[in-house]
Amino acid sequence: MDIPPKAAESAKLNKTLPLRKKKKYNPYGFSGKTSVMMHILLGSFAFLCIFPFIYVIIISLSSEQSLSMYGYRLIPEAWSLEAYQYLWQVRSQIFRAYGVTLFVTIVGTIISVSVIALYAYAISRKQFLYRKQFTFIAFFTMLFSGGMVPFYIVMTQFLGLKNSIWALILPMTVNAFYIIIMRTFFQRSVPEAILESARIDGAGEFRIFLTIVLPLAVPGIATIALFNTLAYWNDWFNALLFIDNPSLVPLQSLLMRIENNLDFIRQNAMLSSQNGSILASIPQDSARMAMVVIATLPIALSYPFFQKYFVKGLTIGSVKE
Amino acid sequence: MQRLKKFGKNLYDNQIWLFMVLPGFVWLIVMKYIPMFGQVMAFKDFRFHPDGFFASVYHSDWVGFENFRFLFGTNDAYIITRNTVLYNLVFIVLGLILAVAVAIILSELTKQKLAKIYQTGMLFPHFLSWVVVSYFVFAFLSVDRGLFNSVLEMFNMDPVSWYNEPGYWPYFLVAISQWKGVGFGSIVYLAAIVGIDRAYYEAAMIDGASKWQQIWRITIPMIMPLIIILTILNIGSIFSADFGLFYQIPRDSGPLYPVTNVIDTYVYRGLMTMGDIGMSTAAGLYQATVGFILILLTNYIVRKIDEDNALF
């Protein structure tokens, strides 16, 4: 019996229809062979994205001897914890760098979020007569930059911040892009009517900001805070420009300094713990990779949890009004 | 006098708002606008003066376009411009294609739990600093211990001194930049695709449209405005390179400069290793000016096509 094409079509539809109920936003995805292929394609790319980290972990757990004989193997000849033992012996510089990074990240993020939120809130309110001017002042810095050299000279000569912890914090405090995003967010998520009623009740603008606006703006502020935290944690550029003092070197910059040899970590350790039994042979390669693991692990372990907010934050406010 | 009085009253009326923008305003002036003013150093023979920044700028002699003449007199200006623009062009085009493709595939995968896992995996590189990535790359490219040379050895081929062979690096840099950026780039597109009204697809299904047709006729047109605005933004910054990628990944290797030197690394090296402040500033000003013009131009074009998508 010939089935009319229309009926065949609807029969096919009926087969796929029950799928709709299970999926949230994906009623008719790829089917059959295409689906398998796409899973393989994306799955292998996703694996490729984390594979180098696994590889580096393996190297850090290889014995130095097997590294020097066979190179960086995926399955080393001999596993060993000597790299981590060694790093533990020279830990003072590493703890120091961890401390600098933590301080810069926490203090930097708090300052940055406060300054950005205040600025963005003010230019989001119609009562502010000069909001257009101040929006432009922020926006223009996205279009034209002062360049690296004048910035460097202002930082070192005008502000005198060479070898200061503030040289790691201040350059990343404000970002015009975040100001614009936050402004849009305030405009959308803080209705004027609520503020109006608070004003009638006699609340000052600052109190309104702290007690009404901030709680409403938590998603936006959390997003900016998250972006800032990541930026501060991963920053090495400002340390490259402004920091020579070993006690102010953040984690990422420490990684840079041990690229060619471990001397930078060792110097301090030798001085501080003279009676400590430094390993006879220094596991140069595996220790360096172990350092990478130590610096990356906090992010690798935590990002799957904040990823959701990160993704949400990216789509939170568009640039345009 | 009257106007001054009114201005004073306006300031007074807006004092609470002015107070709120004050910290950010001071920061913008000091960190952005004073350096912009500092760009005049490009036209001066910069000398440090003990009285600080402004005195240094003020007391340095005007040399007109001498720094620019010197910069463009060498072959460097051509090489760094070519590298910056070409790499960025490839990044923009390839990045767009890959990000949109990944977003579409992610949205169409039938097992959304797996899709979430893939996305988490692909996002990982974005959260790493270029320093860490440079170690990752080194694990593969190290001359005597890296994975690539081990594989070559397995096939009885000669090891390659990767960090001395410029020929491979354009491919490496493109691959690494995409490896780091695709997961992140696809997020915005995925959000846009998820936001498309499912009724369009249902209607298309009833009309018998294949998956492929749905993607081309519904998904891509629906995210076109986003594609345009993000691409425009990228073209506007085509003159500024990702410093970390070009400085950290090649490990500052001299033989690779012809293919890894971009405007940003050139300015950095001019400042920190050669100490040639005039010429580095000139290169920076050249970059900022062309970038500025490009943004205005691209925005103007978008305005002509579709005003809603223009940036300003």
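Cβ atoms are placed via backbone N, Cα and C, with glycine included.
Residues annotated as transmembrane segment in TrEMBL: B:16-34, B:85-106, B:127-148, B:168-194, B:215-239, B:284-302. Annotated domain 'ABC transmembrane type-1' per TrEMBL: B:81-298, in sequence order.
Taking Cβ pairs closer than 8 Å, the transmembrane segment (B:85-106) reaches residues 115, 118-119, 122, 170, 173-174, 177-178, 181-183, 185-187, 189-190, 192-193, 215, 219-220, 223, 227, 230-231, 234-235, 237-239, 241, 246, 262 in its own chain, all 6 or more past its ends. Highlighted: of the candidate stretches B:127-148, B:215-239, B:284-302, B:215-239 has the greatest count of Cβ pairs under 8 Å to the transmembrane segment (B:168-194). Within its own chain, the transmembrane segment (B:127-148) is flanked in space by residues 159-163, 172, 176, 180, 242, 244-245, 247-249, 251, which lie at least six positions past its ends and keep a Cβ under 8 Å from the stretch.
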